Amino acid sequence: MATLAPPVTETGRRTTPAASPARRRGRRGGSRAGRPGPVAYTLLTLVALVSIFPLYWTLVAGSHTNAEIAATPPPFLPNASLFENFQLALEQAPIGKAILNSVLVSGAITVGTVLFCTLAGFAFAKLAFRGKGLLLALVIGTMMVPTQLSVIPLFMMIAELQWVNQLQAVILPTLVSAFGVFFMRQYLISALPNELLEAGRVDGASTFRIFWSIVVPVARPAMAVLAMLTFLTAWNEFFWPLIALTTANPTVQVALAGLGSGYVPQRSVIMAGTLLGTLPVLIVFTILGKQIVGGIMQGAVKG
Amino acid sequence: MTIASGTVREAAIAAPPPTSAATSPARPRKRRQLTRNRWGYAYVAPFFLVFTAFSLYPFMYTAWVSLHETSLSNINGGTWVGLENYRELLQSEFFWNAARNTLTIGILATVPQLCMALGLAHLLNYKLRGRTFFRTVMLMPYATSIAAATLVFSQLFGRDYGLINTMLEAVGLDRIDWEAGTVSSQVAIAVIVTWRWTGYNALIYLAAMQSIPGELYEAAEIDGASKWKQFLHVTIPSLRPTILFTIVVSTIGAVQLFGEPLLFAGNGTTSGGASGQYQTLGLLMYQQGWSNFHIGQAATTAWAMFMIILVIVGVNAVIGRLRARADR
């Protein structure tokens, strides 16, 4: 989760009084000067190619035989062996099961994180209670503590509970995120007018009712962004799943880690497996990429 | 923890004023009604329950474990050895090797990465055709997992059939045995990290750049400052807090580096190469705990990592504060 920390945290520091009116102008008009020359386009295209190429190479290498990718010059277009290699990869590592597990794990983590962080974010944004400042400071402080520092007792705990190799061992510890709480708080402070809450209260709605029918609808855009970022992060989580699960009941990342450890590493099969494991997230990214970019940008700008 | 939370807390506290200043003066009375609410505890309870059970408690417990000689299956202790584990750690050449590697890979991975991200953000800030396309494509590596990225790159860096060596040969250079050398393997690992994170950092810089007031550039232009001068004297100083923040975050990431060196050889070995030439602290910790079952040693290494992070974050916070003061 630490990876998600920068946008919002960084925001606050930048929000000097002088910056806020100018920010709006900047966003609307693109404050920077002018149109780029051909050099800029060339450089950007180059970077775009470098960004995509390893993924494209996964497809190329995964769709040839070992001998074919070892040839000079190497092939540069995908080939027909792709599905054969998929099949081999599926035989060597339980990738199908891993994808199902990853969907379950990431889905559960996303639902939990979005729900709990919206609850807590709302409380921190709009309710006052004793010790709120201290608790909020604690939330933010935790964004700095690396996961690796908790891993040893965590493993002892799940060993004691006999949860090793069970999905809940991966889900539960990641069910909340400090970043999410902070993100929702920052959003709700400005997006949720106090009048709305008062209106609800005047109508005699219960606190839960107010949350469900007033806060959640207002928070929906931020919840969507948080959901996407959380899903991506949960899907890609590597360190803790590797420790808590085995290759018998893996998430995608654990399965991928085990894929290379055969006697004779078959490079094309490894690549096909990598492609299989990456495909779901690439599909999500292709559909929602614009929103994810917007979310990261918004996270960074939102004050 | 105190230093770390201090910096971020300052960030958080700096944030609210504009908004609360905008809403509060108009309706002081109504605000008060909202402030009395015991339900606040119920709303934050799920977060703190999960957080205490799975983060705070284990975090503290790691310190306790580091003072014991214990095994993984023994949750209730082991033998008390006091600071023995720390003494051993400081005398261990493996620790110093891993610390050195973590430092060099960290520098190799973060410095070029952040510089490139800055330049990239500058380009993305132009009125571009297809800007959404460029932004999205540059974020693709971020969406790729460590495991997938490392497996792909370890093939690209392969000695005999790797594409990079093929290209080196095509332009008349010698093949490099990327995994075998110290410098070459560390560069290769740094490349993987850089590939995954540059676009992400560029977006963060871009967001900050878009909040720089246009007047600053206009004024600079009237003073006859070239584009480059504007970048140096307007853009960079305005981005300083953001830059500082990305440095801190990247540093924390670099100290924890684990997946890339683990999978770089393709098969998940914890030794970090034949002579430990790219074994990082994260990898060493994993090796101590889950290969050698020296759980106390592993906990000690984890705490050493945390200490390193604290020092780096603290130094950055001090530098940031001094520079901010100098600006004023």
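The backbone N, Cα and C atoms fix where each Cβ goes, glycine too.
Sequence annotations record features per position, and here TrEMBL assigns transmembrane segment to B:39-60 (among others).
According to TrEMBL, the domain 'ABC transmembrane type-1' annotation covers B:99-316.
Beyond the ends of the transmembrane segment (B:103-124), by six or more residues, the same chain brings 131, 134-135, 138, 186-187, 189-190, 193-194, 197-206, 209, 231, 235-236, 239, 243, 246-247, 250-251, 254-255, 257, 261, 278, 280 to within a C-beta distance below 8 angstroms of the stretch. Residues or ranges marked as transmembrane segment in TrEMBL: B:103-124 (among others).
Same-chain residues lying 6+ beyond the ends of the transmembrane segment (B:136-157) with a Cβ under 8 Å from its Cβ atoms: 120, 124, 163-165, 178-179, 188, 191-192, 195-200, 202-203, 259-260, 262-266. The transmembrane segment annotation in TrEMBL covers B:136-157 (among others).
TrEMBL lists B:187-208 (among others) with the feature transmembrane segment. Away from its own ends, the transmembrane segment (B:187-208) comes close to residues 105, 108-110, 112-114, 116-118, 120-121, 124-125, 135, 137-142, 144, 146, 149-150, 153, 157, 178-179, 238-239, 242-243, 246, 250, 253-254, 257, 260-261, 264, 278 of its chain (Cβ-Cβ under 8 Å, at least six residues beyond either end).
If you look up TrEMBL, you'll see B:239-259 (among others) marked as transmembrane segment. Counting residues 6+ beyond its ends, the transmembrane segment (B:239-259) has Cβ neighbours under 8 Å at 7, 11, 102, 105-106, 109-110, 113-114, 117-118, 146-147, 150, 189, 193, 197, 201, 204-205, 208-209, 212, 280-283, 286, 305, 308-309, 312-313, 316, 319-320, 323-324 in the same chain.
Residues 1, 3-4, 6-7, 62-63, 65-72, 78, 81, 85-86, 88-89, 95, 99, 244, 247-248, 251-252, 255-256, 281-282, 284-286, 288-289 of the same chain lie 6+ residues outside the transmembrane segment (B:295-319) yet bring a C-beta within less than 8 angstroms of a C-beta in it. What TrEMBL lists as transmembrane segment is B:295-319 (among others).
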